[in-house]
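Colleague: Okay, handing you the structure first.
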Amino acid sequence: MIEIFIVTMQNNAFKYWFRQTMTEHSINITAMRREYTQSGLRRADLTEEPMDLFERWLNQACAALLPDATAMSASTVDTRGQPFQRLVLLKNFDRQSMLFYTNLHSRKATHLSNNPRISLHFPWNALERQVLVLGRAEQLSVVNVLKYFNSRPRDSQICAWVSRQSSLISSRSALESQFLELKQKFIQNDVPLPSFWGGYRVTIDAMEFWQGREHRLHDRFIYRREGSGWKTDRLAP
Ligand SMILES: Cc1cc2nc3c(=O)[nH]c(=O)nc-3n(C[C@H](O)[C@H](O)[C@H](O)COP(=O)(O)O)c2cc1C
């Protein structure tokens, strides 16, 4: 099925269809649509643990060479209840949780310090799939963060020092000159972990798996925690 996607993307018929949706000056998005036919999701396909199904889908997304297959949209809310989203990279997971790394003074971190509820979303639409995660985020221990920080390329480590993420800055050149300055400063030593850089473990409360089907009769299943296990239900698409 994944191969079908790749062939379809390279297929001239697809390119022709895409051209047909273009008008002289703009893309006619109203006319843009396609049928979802690559796969299906039956109750028999569900694993006991949702993360086992997630892992299977993630492996397929990587095998299909989707760009940034581990990128997930992370949604948080501010104190007024205004939701914000941004992409972050999934860096690890186990059966209970998912991990990502970020700046602890960033907007998302400020939101999470007031309200740890978070939603993650994997938009694997090239495979006619999406996965939604609901959970609670808690900050990772320094030991945990340090291990990951030390595995990053040196320039990324320096960038963690340079970028006071989400704060206002005067210009790009200010950012670049600070980068060069810090590169020089740390030239003899390992780059230390900034106290304002860290990560979050999202403990999963619910997960929803969506697989596109023909005629918009898609498959959707939600896993919700029930005792020590999971309750699974099919949802209308
Ligand atoms: C593909 C992609 C991956 C990203 N990965 C991360 C990440 O792992 N951690 C991170 O802090 N920001 C990452 N970013 C940048 C975030 O989307 C965002 O701009 C930044 O974290 C600031 O968000 P905030 O101001 O809402 O806190 C990524 C952006 C893209 C497009």
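Placed from the backbone N, Cα and C atoms, the Cβ positions cover glycine too.
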Colleague: Which of these, Lys91, Lys108, does TrEMBL say binds substrate at the same site as Arg33, Arg34, Glu35, Tyr36, Tyr148, Arg152, Ser156, Arg216, Leu217, His218?
Modeller: Lys91
Colleague: Indicate the candidate from Lys91, Arg220 with the smallest number of other Cβ atoms within 10 Å of its Cβ, considering only these binding-site residues.
Modeller: Lys91
Colleague: Among the binding-site residues Arg86, Leu90, Arg107, name every one whose Cβ is found under 6 angstroms from ligand 1, counting any of its atoms.
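Modeller: If the test is a Cβ under 6 Å from any atom of ligand 1, the answer is Arg86, Arg107.
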Colleague: Cα distance, Gln130 (FMN binding site) to Glu35 (substrate binding site), nearest Å?
Modeller: 16
